[in-house]
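If you check Swiss-Prot, you get these features:
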TRANSIT   1-43  transit peptide
DOMAIN    68-248  domain 'tr-type G'
BINDING   77-84, 141-145, 195-198  GTP binding site
Amino acid sequence: MRGCLQLARWLRAAPKCPAASLLKPPSGLANPARFFTTSTACWASRSRAPASQPSSDLESRIAAIPIDRYRNFCIVAHVDHGKSTLSDRLLELTGTIQPGMNKQVLDKLDVERERGITVKAQTCTMIYNHNGEDYLLHLVDTPGHVDFRAEVSRSYASCGGALLLVDASQGIQAQTVANFYLAFSQGLELIPVINKVDLPSADPERALDQMEQSFELDTESAVLVSAKTGLNVQQLLPTVVEKIPAPVGDVNNPLRMLLVDSWYDSYRGVICLVRVFDGEIRAGDQLVSFATGIKYFVGEVGIMYPNETAQSVLRAGQVGYIFFNPGMKRSKEAKIGDTYTKVGFEKVVEPLPGFEEPKAMVFVAAYPVDADHFEHLEDSINQLCLNDRSITVQKESSHALGAGFRLGFLGTLHCSVFEDRLRQEHGASIIITPPSVPVKLIWKDGKEEIISNPAKFPEDEELRGKISEIQEPYVVATLTLPDEYLGKVIELCESNRGVQKSLEYFTSTQVILKYELPLAQLVDDFFGKLKGSTKGYATLDYEESAWQTSNIVKLQLLVNKAPVDAVARLVHYSQVERLGRQWVTKFKEHVDRQLFEIVIQAAVGRKVVARETVKPYRKDVLAKLHASDVSRRRKLLEKQKEGRKKLRAVGNVVIEQKAFQAFLAK
């Protein structure tokens, strides 16, 4: 009560002000419109203070550049040929970042810096002055590994050309060939670039000859650079300006915008990377999605420069980011390849074709180490899937490991990187099963069914009788290698059920070998074996081929005749004995001894293909006996033997979870 009286006296004593003056923003505020804001916007600006205020100098320069002086391009190459290092040099050359203090600026994930590879395609806007005129350049740094081909193909949708980068010391490699044909099929203007010309082993002439013979590219305009030292990098940007066409679009048409990528921010929710094809977009505009029909208000627009830098407008031809206010409620609403337009223009604007999402071909099961962390693991997986839509997720449960997920990936590296990101970015402790591939069941009534979970594989004799055939996926693998290792590589491919398709020399010492291989063999550490056979000199690329009839069976691990469902796998019959022996030997190492015998078996149906036994603890029941008391001795040993039989009949084997973790670890 006393507090209320004091407040009333203070209000009476305060100077009287007109009500209108109370609505004026504080003097000196740069943008009065931003004075009143929702709590979401407050959090957004607080979470990224340096980027929330648009740079007036930068905006005025961009506004003065017409669309015919825009250039959208990407860098494509084989893994480890220097794409990210070249991106750094281009950013330094255009003044986007300070020189000398940067290393792989566009590799933003911890796993990318740790492994030295690019996993996510990253974008950056640059301004380059050429012959007295400003050009707006948009650069995409793409991954080189085959597992991230979807990232590369999506990047092409926002580009008019590409720098085709080749290592001067290694020449054309398997993924150089694959990336070339992918870019060529999209109609991109390709500029050949030879990197690492400063190396003692560099042979630029050989690399240029390979590009001319293999790709029929005009190498007269090729640029020879060293991204590490910056040699000749300044010649690249004039070539980009002169060779790569400007994007097509009209700022006066209704908005037509493509969602290229998305990621999650703790405060702002889903942030979308977009390419504007027509019209323009500003904060406050109301948009509608063609895929979901949901309407959103735009909270902020901006460009990557190289980090998020807010702008007042994104125009036709530009690539930038947007987020909504209020934000997207569910991450599934951000569909990669979706078209957005302003509300009211849905019937006028034609949606863009979008992307063909690749199918997951490698499957693993993931379980939390602690069952109480299941919900945290689910949230972590959903957030990472927002940024990588090629991953498939299904819930499943195991008697041994509890509730978990069956995850589908494009390849084994894709799976390994996802596992690292879960641990590094979300602190998840997980158990991952070995990778497996789907199989196709063709029933006698003509129905087809693809299964990726071994638990759904029919084992009942009656059900098996209704199956006409079982098929597994095959791939066509392209291998490049020095000819001195040709014999070993052919032997490796043949032992992995491969069928040779072609063999050609593209130089006097380099061979391109094509093999049709089962995908199951490819995910079983084929790449590691290939590197071992060639001392690291071979490269591998592959593409899906077809489904082929195969003798697929379900291999199970049994502990005292009880199956361990989390470890079951679908394998070719020829691999059963090798894999079964490997399983029982490894599992025996991690199982603690019990008071009774533990029998570990690998079995296909009722047929046991391998067995190991964990001996029980044995109590010395003869310790107190006299050596000459033979009948008493025999009686005690018989009693111990009977007790063991009874214990084995009624006792359950307790396998600690750490045993499964150790067994499933690579």
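Placed from the backbone N, Cα and C atoms, the Cβ positions cover glycine too.
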Conformational class of Ala77 (GTP binding site) under the three-state DSSP mapping: strand
Least buried by Cβ count (within 10 Å) of the binding-site residues Ala77, Asp80, Lys83: Asp80
Number of Cβ atoms other than its own within 10 Å, given for Thr142 (GTP binding site): 26
